[in-house]
Number of protein chains: 4
Amino acid sequence: MTAVLGPNRYGKAETRVVRVTRDGEVHRLKDCNVGVSLSGDMRDVHLTGDNSAVLPTDSQKNTVYAFAKKHGITQIEEFARLLARHFVDSQPAIRHARVSIEEYAWERRGPHSFARSSGEVRTCVVHHDQDGTTTVVSGLEGLVLLNTTGSEFHGFARDEYTTLPPATDRVLATAVTARWRHTTPPDGRTSPDTLEIYDFGESYEEVRRCLIDAFAGTHSLSLQQTLYAMGARVVETRPEVCEVRLALPNKHHFLVDLSPFGMDNDNEVYYAADRPYGLIEGAVLDDAAPDAGPAWD
Amino acid sequence: MTAVLGPNRYGKAETRVVRVTRDGEVHRLKDCNVGVSLSGDMRDVHLTGDNSAVLPTDSQKNTVYAFAKKHGITQIEEFARLLARHFVDSQPAIRHARVSIEEYAWERRGPHSFARSSGEVRTCVVHHDQDGTTTVVSGLEGLVLLNTTGSEFHGFARDEYTTLPPATDRVLATAVTARWRHTTPPDGRTSPDTLEIYDFGESYEEVRRCLIDAFAGTHSLSLQQTLYAMGARVVETRPEVCEVRLALPNKHHFLVDLSPFGMDNDNEVYYAADRPYGLIEGAVLDDAAPDAGPAWD
Amino acid sequence: MTAVLGPNRYGKAETRVVRVTRDGEVHRLKDCNVGVSLSGDMRDVHLTGDNSAVLPTDSQKNTVYAFAKKHGITQIEEFARLLARHFVDSQPAIRHARVSIEEYAWERRGPHSFARSSGEVRTCVVHHDQDGTTTVVSGLEGLVLLNTTGSEFHGFARDEYTTLPPATDRVLATAVTARWRHTTPPDGRTSPDTLEIYDFGESYEEVRRCLIDAFAGTHSLSLQQTLYAMGARVVETRPEVCEVRLALPNKHHFLVDLSPFGMDNDNEVYYAADRPYGLIEGAVLDDAAPDAGPAWD
Amino acid sequence: MTAVLGPNRYGKAETRVVRVTRDGEVHRLKDCNVGVSLSGDMRDVHLTGDNSAVLPTDSQKNTVYAFAKKHGITQIEEFARLLARHFVDSQPAIRHARVSIEEYAWERRGPHSFARSSGEVRTCVVHHDQDGTTTVVSGLEGLVLLNTTGSEFHGFARDEYTTLPPATDRVLATAVTARWRHTTPPDGRTSPDTLEIYDFGESYEEVRRCLIDAFAGTHSLSLQQTLYAMGARVVETRPEVCEVRLALPNKHHFLVDLSPFGMDNDNEVYYAADRPYGLIEGAVLDDAAPDAGPAWD
């Protein structure tokens, strides 16, 4: 029985950076949470504690702040790509970098005043490898959607433990976690210091709109059907996206039985349950999507 | 050494009720979390386990659902008042009821589709006593505000443990918890089943606007000054409010020292800290405010 | 309509201090979260932003660390008292200090190795006033207890919304939040720098034991009865405690209906529910307890 | 651009089951949170909403409860395996099942009384496939460990953003998330209804002991070295384990600078930071470990 080192990575998680841009009186704000994970030839540090290949996670944190100053933060995908390339290009022992960013949205309330606009979070994960490949996955978390009608669930398989009655009109609610892979990874041929060649901000807004519209506009026979409709809407509408992955908890809203009190409940009063919940996960791809590589790791 | 029973109350916490109203094609939605606390002559149940005075918390939960059906939920303050009166009026042993409600906001995305609009929560606490008095406190939680400039902090007291340098331009950020006491408690002279005589919805929107505007518009020499400005704005603008209580965590944004990297940091790159944080709490009252009674309990 | 300043306080919340004591090879560890709230003559800072009476919350944080070095941390009540007195005694504008501490427990796993032993937290709140009075409340949070039998609930009041069947054998579970007020406040006549005259550590262990034993040993007809038994056990057993306040959520465990599957469920399979939950709150006092003053604020 | 369905799965998450076993006066308790994820031929439900292949997640929940009654819950790995096999064997459309369980530990406080013993959670993930293969991964979360000395970090790579000074004596603290893959998957040749052929409970205790002992006993030059020592200790000591995966956040404890107050800080007073934190992830394998299959999914 001989122990050997398997896959490994290390880095600094949750570096909270707020970048203010001052255009005269009117300020702009970017509020991010950055995670860095580096991997490469890390055998020595694990086996003997020899740190000569280990760039401290503290330095990674410093790099986030210094790059925020030097390059600004426009789109999180761009900023993640800059960081990922930097670590791979500047550290001999590092062969691969994964940079993930969460962005918190603020709405303007004055020339230099802002209010956090939502519990929703924009996300990205960028991988960059020594071989020059880059993958970019964008996403969102905490988009909570609900339809008060237009959802059914019946005709399902039954077994000896099935007691669920069929439903022809139910509330359908979920908290969307969506991630989408970009077809043409911002390709690396341009200098990382040039302006972005691709509008990740517009792409984000349009994908988000597709997801919401498909949820709201699909008469649903199951949450799986809605999931597929949401993913397909994105893949078929947005040429820059080749794959969407969705995790949709079925946030059950149970009709309260009011009959003991002599009352009907014609789909008016619901109990919003916490646990357990259904969880539907799935991917929708362009049939010509290239191999994902490490994009989803 | 003889043990005696002191103040006590009991009830059902966190009854999650979603009320759908169907006006033809277009649906409306109210999403609430209701807490009930009852008190009265509860000596026997504590001392001997005699439950004859104890209305089960399960019945309280049922009442929330039945009332949501019967009366609908328009303004949470109205719904809380209905419930509080019901328990006091119908249960001989109950002398006092406290009903608290959190409301989660949704924005319309279609005739019967909605998206949760924010991490912000609207709140209320209503007390109703056997003697007929009612107090109504409205509020909000999770309103996160930030000014990128217009905030200073200097001229403070110093002791042997003081190392903080004076600041003439800092980020000021907070997550507002605000509660405000209504001057004219919806008075009880009208039947609880009639329509509300007072527009709590409009009041909420206006108080919220006052808080945001005062935060954004105050050139701040300290968070205490901002707190007072926010409370005073409400008390002086809204005749229906006689007292505001605010809890404002100072969500510190520390300027990152970039000098080791040969960079200036002219108020552009900040580290958003979690803990520890300053916490400023205070009340602002109309000088003619009536006694609060149990309003803040 | 004139706005005036009402009650207010300010301070540094959640200063996380870990104090290591090195007795040769064997180390000891105290892990605390300290909150400071100061009040006094703070009119100017609120009305005009004049900070001359405001000791920065940053200095309060520094004081926590400096005192941890200078005095060590033995019992959290002692450490809180030292801090509270310091702020009142050294700052002319401060008339009253409230210091709260949470302590996280670690168990030894080697001469200098430790494992967090529990989700349970030991707490205290100490008030010290310019008039020399000190109050000390100790407590705990997150003590989760469960009896699989020995709990009933029947004979309760019924109304038109009551559907709960009587129970003669149910699971009773709760997460105890307990706070207890000390009779003889460590009195202030001794120098704050001398060793403690009172063993808060032993008191804590004994009160905790009383709470657990009373929960486990009481055949319960209602959670209120159990609450009273827990509080009375402490008050009647521990002469140093004059009042106990308990908040006991009724963490409902519902018997699952297995009859659709042809199975009995003789109190064997339960669904552990999250929300809603009953919440029972109450105080038990020594009938000769002195006035509480600000102890519970 | 044609959308196609990619990998997908669905199931019921977070079914909270508490199983009481009554051996006369003395009761035993198992407290679990069960997640089920099923996959197979689910094309129709996604594309057309045809639910004929979809066993409702509600039925999955019912199965958890019915199996808890019928089979009891001894070791969570056994219970997960029973469930996984059941879904694959009984549902024609289901080709693969993943069952994950969290178990919460209770310590006895009386014949039928218990206290939650820790914030630590025991976990498992079992995969079962139509081809008869089963994989079993056991684990734990929330094991928080700390060494007050015996940890160094120096000799690391440096770049232009490196400011970290070398450390020869630091606090090392982490919250262990560990998962380990069993070499001989309880093999499937025995009836799922027979008693377990393998003592998962003893294995769990021994692996946990290895992890703690290796953390406490390793003089650490980096957290990576400690991670490897923890994994290797398990792989080399426990023949039933062929791979360990660890995620170790470096819960930084920063020495507080007390020099402004004229004090030394000889590794006595620390600030326990929340964010950012280092995150070290890695696997340690037996060099003869078989292919993992879906074990880690």
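Sequential numbering from 1, following the chain as shown.
Just so it is clear, glycine is given a Cβ too, placed from its N, Cα and C backbone atoms.
Annotation comment: TrEMBL describes C:Lys12 (among others) as active site, charge relay system. On its own chain, C:Lys12 (active site, charge relay system) has C:Gly35, C:Val36, C:Thr57, C:Asp58, C:Gln60, C:Lys61, C:Val64 as residues at least 6 apart in sequence with a Cβ closer than 8 Å to its own Cβ. C:Lys12 (active site, charge relay system) falls within a strand segment according to DSSP.
Annotation source TrEMBL lists active site, charge relay system at C:Thr57 (among others). According to its DSSP assignment, C:Thr57 (active site, charge relay system) is helical.
Annotated active site, charge relay system per TrEMBL: C:His252 (among others), in sequence order. Under DSSP, C:His252 (active site, charge relay system) is assigned to coil, being neither helix nor strand in the three-state scheme.
Annotation comment: TrEMBL describes C:Thr57, C:Asn250 as O2 binding site.
The urate binding site annotation in TrEMBL covers C:Thr57, C:Asp58, C:Phe153, C:Arg170, C:Gln224, C:Asn250.
Look at TrEMBL and you will find C:Thr57, C:Phe153, C:Arg170, C:Gln224, C:Asn250 tagged as 5-hydroxyisourate binding site.
Comparing C:Arg170 (urate binding site) with C:His252 (active site, charge relay system), their Cα atoms are 9 Å apart once rounded. Across the structure, C:Phe153 (urate binding site) and C:His252 (active site, charge relay system) are spaced 12 Å apart at their Cα atoms. C:Gln224 (urate binding site) is 15 Å away from C:His252 (active site, charge relay system) when you measure Cα to Cα. Binding of urate is attributed in the record to C:Thr57, C:Asp58, C:Phe153, C:Arg170, C:Gln224, C:Asn250, and the widest Cα separation among these residues amounts to 52 Å. Neighbour density for C:Arg170 (urate binding site): within 10 A of its CB lie 21 other CB atoms from the protein chains shown. Secondary structure at C:Phe153 (urate binding site), taken from DSSP and collapsed to helix, strand or coil, is strand. Distance from the CA of C:Gln224 (urate binding site) to the CA of C:Asn250 (O2 binding site) is 10 Å. With respect to Cβ neighbours within 10 Å, the recorded positions C:Thr57, C:Gln224, C:Asn250 differ, and C:Asn250 shows the lowest count. Chain B comes close to C:Gln224, C:Asn250, taken from the recorded positions C:Arg170, C:Gln224, C:Asn250, C:His252 by a C-beta to C-beta distance under 8 angstroms. For the recorded site, C:Arg170 (urate binding site), the DSSP three-state label reads coil.
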